[in-house]
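In what follows, a single structure is set out as structure tokens and then discussed.
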Amino acid sequence: MTELIALHPAHHRKLRVDPDQVEAHSASVRMMPVVISEFLKAATQFPLLLTKNADSGFFTAIALCGFEEGENLFWRQGEWDALYVPLNVQRQPFFAGRPQQSAKDRSDTGHDFVLCIDPESPSLGSEKGEALFDAAGAPTPYLQSMQDILAQLVAGEAATRAFIEKLVHYKLLTRLALEITLDDGEQMKVQGVYTIDEDALEAAPIAVIDELRQQGHLPALYAMIVSLGHIFALVQRKNKMMAQAGQWFQPDPAQSAS
Amino acid sequence: MSKAIRSIVIVGGGSAGWLTAGLIAAEHRAYEKDGLSVTLVESPTVPTIGVGEGTWPTMRATLIKLGISETDFFKECDASFKQGAKFQRWVTGRDDDFYYHPLMLPQSFQSFDLAPYWKKIVSSTKQKISFSDAVCFQEAMCERNLAPKLITTPEYEAVANYAYHLDAGKFGAFLQSHCTQKLGVRHILDDVKGVVAADTGDIAGLETAASGRIEGDLFIDCTGFSSLLLGRHYDVPFKPCDDVLFIDRALAVQVPYAQDDDPIVPHTLSTAQSAGWVWDIGLPSRRGVGYVYSSRYQSEEAATETLRAYVGPAFDRLSVRQIPIRSGHRETFWRHNCVAVGLSAGFLEPLEASALVLIELSADMIAKNMPACRDVMDLAAKRFNETTAYRWDRIIDFLKLHYMLSQRTDSAFWIDNRDPATIPESLRQQLEIWRYQAPGNADFTSNNEVFPAASYQYVLYGMGFETDFSYQAHRLHREKDAMTLFGKNAKQKDQVLRALPKNRDLIEKIRRTGLQAI
């Protein structure tokens, strides 16, 4: 993984971000991390599921974007093809770092995190796109909007963790085994994803439901259930993509040129 | 109407007592008003024996039945993963002599027998691939000290089949708190002073030092070697098997790791010595090491020296426990309304970790087939006795197999172990058959088998036993299928070796953050 660098007005005065390149970061992300505050928006188009962090075994919330490793079916012909763009796509190439250095070394975000950039991002340059700092070294409105997005993500991660802890504690999760047959007959399995156990939810004591309601978890919980239907839409995207790929491959371009 | 069986009294609080109490309480809902009553009486002064640190994969199902979280079990019982046993110096006695008895079946074992094809490859190409390595990927994992699963694998699920090593003392205490807090088992700490017999010969109750008389419908003897009810009260004779298995002493030590990050070996190590063998079990915090030997062939001084040589210089700082062993079992296990489970029923050397699994099997059978009323108890007892006697015999056969196949000539212990007079007839007959065909399911037709045919294959071919497959050459024409399966095994081996973490790393992570239940 690349080393992230803390953003600093003195060092990055001339840096610009090309918004057209930002979404390319997500071109091959099959499971896009999402936070609970964006569940209702994301649930309009993505299946919202949980998966386990490979290193810790803890659950994380994701929007399912594809079926195979490295496949993002919402990334089509160089752009993000969805009504809602998840915060984790919008925020590229910025990251929230833990404050480690002394306060004067970092740009003043007004938040308890340090704004960092991925220096190897293709969206970074000095000519095209949005400036980060104005002539006086103050953050531009663009950079401020990025800070806001990261602030939402940082706060959202804690809230999402609290939500998931309740689901685990009350045993409201179940494994989802997806076996998909595509139009061309190919069979695919998606493993390692989890969703709400509707039977367990149905059987849960009213005190549990009330606790979830008081903590504001019910909309997110139902958003997850409703969003499952989008798996069919995702299969349809995959079928369309395969059909198009089939068309492109049929006439061999080298032969038709000769 | 005959008296319903409502009240179960268990005497003794080691692993046997608490596992039995827990399995009966879980099956018969002792925690509910309409459930059976389960009481465990335990002496506050008699220490538990605390051996039996290796389990079978059956323990996973047992813990699930008891409603125990695997994460809690790892945290509380100093537990680690076990993926089988590695037998060192059992065949020739040389330093490079070893074979594995893994916990996974050979590839496609239920539908295809790879043994003859493995034999063909080894004899035609002079390739030195061991049987277990050719048909199963677990040996390769064990050799690299890998864990059998990932941190993302849910509790009790496996990438490679596994059992546990555990601290028996901690396990007993853990089960006690679970059984009393969650499963409704009543716990009485008191000494049993006497047995009150009814006119029928049944046990009516137990007199205790401070808690008065404890009455019950079924009494379960988990009192260890003292066998208080079945042995002392009913005087059921002990049937020794020291004519088959010569081990009669154990010396046990707890060995600290030299470094905090020393590997936790994910299998039981069993290293043959001149008059027995050394067990070596890796727990997260220490190793449990012991030498079981035959005092007919070696003095205690020489045995201590053998164990010292195995452990190394650290030995002199450790306290050595001596445990006398009487190999064998009671002639029957259930008499009147009393049944024995655990050491009170019998004992065998821990060569294949049969102690805890026999407890699980016995307790499970009692729980599942709990007689409804006194009228049918004698029938339940008869079935239990037949099944349990059969299981003891099969375990004795299987343990003897390890000794009789050895080629060691360095001591009378090993030479005498091959004396045909010491080999049970049932085992002798099986070996006659296996001279011409590999062990298969047809050799083991009971519903109550302990070791599957695959286990016999691992030991036979691990120890260099020769089966002459030439008489069935006409039916061994599936080389292509066999090669596909060998290839599949090699591919899976590659995958697991790349994906799975070190045993110690995973266990420490589980103790820190836990496994998910799903």
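Each Cβ is built from the backbone N, Cα and C atoms, and glycine gets one as well.
Per TrEMBL, the FAD site holds B:Gly13, B:Gly14, B:Ser15, B:Ala16, B:Val192; the candidate it also names there, chosen from B:Leu307, B:Leu318, B:Leu343, is B:Leu343. Neighbours of B:Glu352 (L-tryptophan binding site), defined as other CB atoms within 10 A of its CB across all chains, total 23.
Between the CA atoms of B:Glu352 (L-tryptophan binding site) and B:Ser15 (FAD binding site) there is a gap of 18 Å, rounded to the nearest whole number. Neighbour counts were taken at the CB atom with a 10 A radius for the binding-site residues B:Ala16, B:Val192, B:Leu343; the maximum falls on B:Ala16. The local packing around B:Gly13 (FAD binding site), expressed as other Cβ atoms within 10 Å of its Cβ over all shown chains, amounts to 27. In three-state terms derived from DSSP, B:Glu352 (L-tryptophan binding site) belongs to a helical segment. Counting in whole angstrom, B:Val192 (FAD binding site) lies 37 from B:Lys82 (active site) by their C-alpha atoms. Secondary structure at B:Ser15 (FAD binding site), taken from DSSP and collapsed to helix, strand or coil, is helix.
Across the annotated binding residues for FAD (B:Gly13, B:Gly14, B:Ser15, B:Ala16, B:Val192, B:Leu343), the two most widely spaced Cα atoms sit 19 Å apart. The Cβ of B:Lys82 (active site) has B:Gly54, B:Thr55, B:Leu103, B:Tyr162, B:Ala163, B:Tyr164, B:His165, B:Pro266, B:His267, B:Thr268, B:Ile281 as same-chain neighbours under 8 Å, each 6 or more residues away in sequence.
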